[in-house]
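Report on the following structure.
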Amino acid sequence: MNLISVWMIPIVIAFIPLFAFARRVLVYETFVDGAKDGFSTAISIIPHLVGMMVAISVFRASGALEAMTSWMGPFLLGLGVPPEIMPLGLLRPLTGTGSLAYTTELIHVYGPDSIIGRIASTIQGSTDTTLYVLTVYFGAVGIRKGRYALKVGLFSDIIGFIAAIFFCLLVFG
Amino acid sequence: MINVIWMGMILIGFIFSAVNGNIEDVTKAVFDGAQTGVTVSFGLISIMVFWLGLMRLAEDSGLLAKIARLMGPVVRYLFPDIPKNHPAFGYILSNMSANLFGLGNAATPMGIKAMQELQKLNPDKEQASPAMCTLLALNTASITLIPTTLIAIRMNYHSANPAEIVGTTLMATAVATLAAIMADRWCRHRLISQSKKKKPPAWPHTPKEGDAPC
């Protein structure tokens, strides 16, 4: 498994130009032509990301995130879920780097092989930063009304979060 | 809904900082956040430029079309309203496979490219089409086979078995993805049946924010 993940990218990077070359595509010119798109797309995302990042960091710095998690603490303990996990559930859909930092922190404090470390790893690996994905993908094509996309994304985050805890308690608990 | 969440996070943040008395931290957070936004976007430039260059090669050589034909049935089931042999299929597939291998950085440019193709088919350029919502649902659930980053972090902290979370991650991600696909399907059907009931406003023109079904 580890070997696959290490070799996956190099193989793809080598194979695509080779395949194109064999098909008599002008590889370098075509590459540069396509690459030009990357620049403008990345730039067009800036306003969307700035808006989102500001809101998220205000929410976090004010202590609102912390307060939300401490309210839910007692309820979670009753279910056998370590409350330390809770902030991750709220952070995960909001910020990828923030939740990765929090996961690393949990692993650092409780150890990678503790139940908290395992749950945190599973949550981090099995869900994605919904707000970021939404912002970047819709921002890149200028969609203003996301219709039901956000609700579906957040719903699957909640389900993924619960599933991660459930399977970890089942397998490692 | 995104308007409400955005406004809500900022307002709740300022109310909390008034209560907690840490308004300086929050003011600083505004500028930090803005900077992070720009930094992340600029960080994306290098990856986007490289992968989109490579993807153009895959497209022009016919590789994308080949892959799309191979995995066609599954993707056609998920995206019934995209015409057969449309280039969007190739990008959606590359986006999904990059996610499967936990290559988040490689998945983003292909997902964006798929969105741009879907936007060409979209009658209302301001509002997401059902296909766009499905693509987003698949990405937010992030179908992962190998959580590469997490395994690396666990190795760093001397885990006895860094890869032991592969199994639980796979199960959790499968459940989340299934939930996302089902919720997406449900919303899509509601949208279509609602637009049939009320004559004006006809789909795909949902009239107002907050008026949206689901």
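Glycine residues also receive a Cβ, built from the backbone N, Cα and C atoms like all the rest.
Given the structure is predicted, the values throughout are model-derived calculations rather than measurements.
The domain 'Nucleoside transporter/FeoB GTPase Gate' annotation in TrEMBL covers B:43-150. The average pLDDT the prediction assigns to the domain 'Nucleoside transporter/FeoB GTPase Gate' (B:43-150) is 84.
Taken from TrEMBL, the feature region 'Disordered' covers B:194-214.
Residues or ranges marked as transmembrane segment by TrEMBL: B:6-23 (among others).
Counting only same-chain residues 6+ beyond the ends of the transmembrane segment (B:35-54), those with a CB under 8 A from a CB of the stretch are 105-106, 108-110, 112-113. The transmembrane segment annotation in TrEMBL covers B:35-54 (among others).
Annotation comment: TrEMBL describes B:88-107 (among others) as transmembrane segment.
Summarising the annotation, TrEMBL assigns transmembrane segment to B:128-153 (among others).
Residues or ranges marked as transmembrane segment in TrEMBL: B:165-187 (among others).
Below 8 angstroms of C-beta separation, residues 78-79, 81-82, 88, 92, 95-96, 99-104, 107, 111, 114-115, 118-119, 121-122, 162-163, 165-166, 169-170, 173-174, 176-177, 179-181, 183-184, 187-188, 191, 204 of the same chain, each at least six residues beyond the ends of the transmembrane segment (B:128-153), sit close to that stretch.
Counting same-chain residues at least six beyond the ends of the transmembrane segment (B:165-187), those with a Cβ under 8 angstroms from any Cβ of the stretch are 78, 133-134, 137-138, 140-147, 150-151, 154, 213-214. Taken through DSSP, the domain 'Nucleoside transporter/FeoB GTPase Gate' (B:43-150) splits into 80 helix, 1 strand, 27 coil.
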